[in-house]
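Straight from TrEMBL, the features:
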TRANSMEM  A:12-36  transmembrane segment
TRANSMEM  A:56-79  transmembrane segment
TRANSMEM  A:91-107  transmembrane segment
TRANSMEM  A:113-133  transmembrane segment
TRANSMEM  A:145-164  transmembrane segment
TRANSMEM  A:196-214  transmembrane segment
TRANSMEM  A:243-260  transmembrane segment
TRANSMEM  A:280-310  transmembrane segment
TRANSMEM  A:322-341  transmembrane segment
Amino acid sequence: MRLEPRENVTLLIKAMVPISAGIISLLCCSALIIWAGASPLEACVLLIKGSLGSRFAISETLTRTIPLIFCGLAAAVAFRAKLWNIGAEGQLYAGACIATWLGTGMIDLPPWLMIPFLFAAGALAGGLLLLGPTILKTKFALDEVVTTLLLNFIVLLFVNWLVFGPWKDPMAMGWPQAAPVIDSATLGHILAKTRLHWGLAIAIIATFGVWFLMRFTTWGYEIRAVGHSQKASHFAGIPINRVIIRTALISGGLAGFAGVSELCGLKGYLTLDLSPGFGYSGIVVAMLASLHPLGVLLSSLFIAILSIGADSMSRSLNISNYIADVATAVSLLAVLLSMMLTKYTIRWR
Amino acid sequence: MISERPLLSLKAITKTFGTLVANDNIDLELNRGEVLALLGENGAGKTTLMNILFGHYRADHGTIEIDGSQLSPGSPKEALQAGLGMVHQHFTLADNMTVLDNIMLGTEPLFSLRRHNSEAITKIKRLSEQYEIDVNPNSKVNTLSVGQRQRVEILKALYRDTRILILDEPTAVLTPQESDHLFATLKLLVTEGLAIIFITHKLREVMAVSDRCLVLRHGKTIYQCRTADTTAHKLATEMVGGELPKVLRKKSELGKSLFELNNINASDRKGHQLLRDLNLKLHAGEIIGIAGVSGNGQSHLADLVSGLLTPSSGQLVLNGIQVDKPTPLHMLRKGVGRIPEDRTATGVIGDMTVLENIALEKYWKKEYSRFGMLNSRTLANHTRKLTTSFDVRCGGLHSSARNMSGGNMQKLILSRVLSENPQVILANQPTWGLDVGATAFVHRQLIDACSEGAGVIIISEDLDELFSLADTIQVMYQASLSPPIDPARTTAAELGLAMSGHRDVVHSLLLKEAQS
C-alpha cells in the first residue's frame, strides 16, 4: 500500500471531509453502543430527540454551541497562522477569572457598558496568557504545543486555589465556587424558561467578524501568508513575528470571550466545572470546519448536538455518557484521516 | 557495436492526467553503445516518460521492453533489476556517509549482520579502473566536490549492473571543465556497451555528446534524427515549434551608481564566514553577471541584496545612502526588485491564489489597501493586467499558484517585481529549469528594465547566459568576488578555471584587460 498525491482536488472531495468524518464517528459509536448492549438505531433516535426533539432540547444544544464557537474560532485563527494554540482551555479560564474579579462588585456600570467591558477584559486576559508562549516561540523557537498545553494545567490549578481559598464564596454552603457576578454583569436570556443567553448573538457576531478579518483585511492576508509559508512571507517583507503575536492576541482573546460568556451567561459564578474541556473541543470544531470561520458555526452545532444528545441518550439507555467524548474524538481522527485522503489517494499493490 | 535488437524500446506510450495528455503515443528505441539526447521544453513530457520507464507512473497504453523482455508496468523494483539506472539532477547521496556506504546502500540484504565490504571495494575498484572514474571509496561524501559527487552517483548506478543509464540535466551543477570530464566518462561507458539517455536543455552539449536526438513537444515525438545530420539551430526550432525569439542586447550608456558593496563581510551565528570582502559597483543601465559554481556564496550574496542577511562589516550603499540594517521590506521600499533562486519555496506561496501571490510584496501600498482593508478590486485589475502583459498562464486569478508550471511561476514573480519599476534588480538563477521560450522572455524583460535605467545583477551558473547578457562578469569563489572581468575579452574555459579557484587566471585576465 502506498500514497500517491492527487492531481486535482475537487470541491466534492473537500466537502466529503466533514461528512465522512461524521459518518465514521457514528459508525464507531454504534459499535460501542452494541457492545454496551443497546440498539444503535434506538440510540440514534434518542440522541436526535435529546438534542433537537423539543424547545428545551434545542435551547440546550444552542447554549452548548456558544463556548464551542468561541473556542473553535480561537483555534481556527491560530491554526491558520500555524500557531498551534492548544491552550484555549486555560485562556477561557483566564477570561472567566478576570470577569469574576471585575464583575462581582468591584466595578458597577450600566449593563450596556458593563458587558462589553467584561468581554474586553476577558479577551485581554486570554490574549496575554497566550502571549507568553508565543514570545517564547518567536524568540527561542520553543514549541508552543507543549507550553500552551502545560499552561492549561497551571491555570486550572490556579483557579482551584482561588475557589477553595481567597475567592471562596461564604454563602455557597461550602461548595468550592466564587461569588456570583452582579446583575449588571449578567447576560440576559433569549428564550424564557431556558438557559439560552445572548452570548449566542455575540458568538455569531464574532464569527462574522473573524470571517471578515481573514477574508478582507491585510491582517487576515498576513496571517494566511505566514501560515502557508514563513519563508516566502519573510522574503516578501511581512513581519512574521509581529503577525504571529497579533494572531496570538486575537486567538487568546476569542478563547477569553468563551470564559466571560459562560460565566456571565450560563453559570453566574466561577467554578472548576465552568468548562468540561471546551478549549479542547474547540480544536475539533476548527478542524471539522477546515479552519473556515463560517464553518465553525456548523461544526460547533454538530459537536453540541452530539454531546447534548449523547447526555440524554445515555441517561435513557443507561450507558456511559462518555460516548459523546468518544464520538467527538473519533470525528477528529476521521477528519485528520480524510484530510490526508483529500491530498493523497491510496494505491494497493 | 550497434546490435540488431534494441536494448530498450518503448512502444506507443500514452499517459493522460485528467484532460492533459502528457505523453501521446511515444515510441523510443535505444541501442547498446549509443547516447540518446532527450530534448524538450518544460512540460513537454520528458519527466513523465522517465517516470513511466522507472515504474513510478503506469502508462495508459503502451509497452516497455528491455532486451526483448517486457517490463510489467508500475514496478520500480523490476525496472531497477532490469538494469535501469538514473542520475538525478539533485543528488541522492547521504552527505555524512562514505562513498562506499552510499554505493552499497540498498544493495545489501536487509537482515544481514555481515557487510560484504571487501567484495564491494574490489568491485568498485574494478569499475573505477574500467571507466576511469577516480573516487576514493573511503572518503566522506561531504568532502567531495560537486563533480566528484556526480561520479559517485554514476558509480552507484554501475555497481548495480546498470545497462541503461539516464542522466537528468547532469551539467547544470558543473563547471565547463567538469562537464568535459563527464562527457569523456560517458563516451567510455558507451564503448563498453552501455546505453545512455541524456536529458538536457543545452544544445551545445547535445551536439557534443549524443549519437541521436529525440525532441518532444506537447507530449508528442516531434523530431528524431542522428546528431551528425542536424544542427543546434534545427533542434532549437523543433523544440520551441518555431523560430527562436532573438535576444539582442545593445550596450547602453552607464548612468549614476545605484548600488555599491564596499568590503562587505558577513558570517553566521557559528562564526562561519559567509561573505568575504565583497566589492561591487552597479550603475544604471548596467548588467553585472555573477558566475560561479553553486555553493560558493552566491546564495548569501543574494540574501544580502534581498535584505535577509546583515553584513558584519563593510558598507552597503543604495542610491548614495548607506543601509545599516537591511530588511526585506526596507530593500523593497528603496526600489530593489528581487527574483529569488527557489521560486516554489521563496518566490510564491503555492497554497495561495495567483492574485494573493501578486499582492505579496505590495499589499501594504496605498493603491492596494486602505485602513487595513485590502482593495480587492484594484488588486484584481492589477493582477489581470500583469497576467496578460507577462503572459502568465494560470487557471484564473483565484486559482492556486501550486498548479502553475515553473515558467509561469517565474513570469508571475517577474511581473510582480518589474511592475513596481525597481531601480536595482537582483535575479538569482532567473532561468534555471526554464525552457527556451521562457528563458528568452525573462532575458528580454531584464534587458528592457535595464535599458529603462535599472541596474541588474544576475547570478547564474549558466555561462552562456552571462556571456549574452552581462556587461561585466564577477566570479564568485569561496565566498569572495573577483574584480570585474570584461566578457568580451575572455572565454568560457578561462572563466571555468577562475570558477574553480585558479586565482592566477583572474589575474591574467585582468592583466590582459589592463594591457589592451
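Please read every residue number as a count from 1 along the shown chain.
Placed from the backbone N, Cα and C atoms, the Cβ positions cover glycine too.
With a cut-off of 8 Å on Cβ pairs spaced 6 or more residues apart, the transmembrane segment (A:91-107) and the transmembrane segment (A:243-260) reach 3 or more such pairs and are scored as touching. If one looks beyond the transmembrane segment (A:243-260) by at least 6 residues along the same chain, the residues whose Cβ comes under 8 Å of a Cβ in the stretch are 66-67, 70-71, 73-75, 77-78, 80-81, 83, 85, 87-89, 91-99, 118-119, 121-131, 133-135, 137-138, 202-203, 206, 210, 213, 219, 222-223, 226, 233, 274-275, 278-279, 282. A contact between the transmembrane segment (A:196-214) and the transmembrane segment (A:56-79) is present, since 3 or more of their C-beta pairs, 6 or more residues apart, lie under 8 Å. Ranked by Cβ pairs under 8 Å to the transmembrane segment (A:322-341), the stretches A:12-36, A:56-79, A:145-164, A:280-310 are led by A:12-36. Between the transmembrane segment (A:12-36) and the transmembrane segment (A:145-164), the number of CB pairs under 8 angstroms, six or more residues apart, is fewer than three, so the stretches are not in contact.
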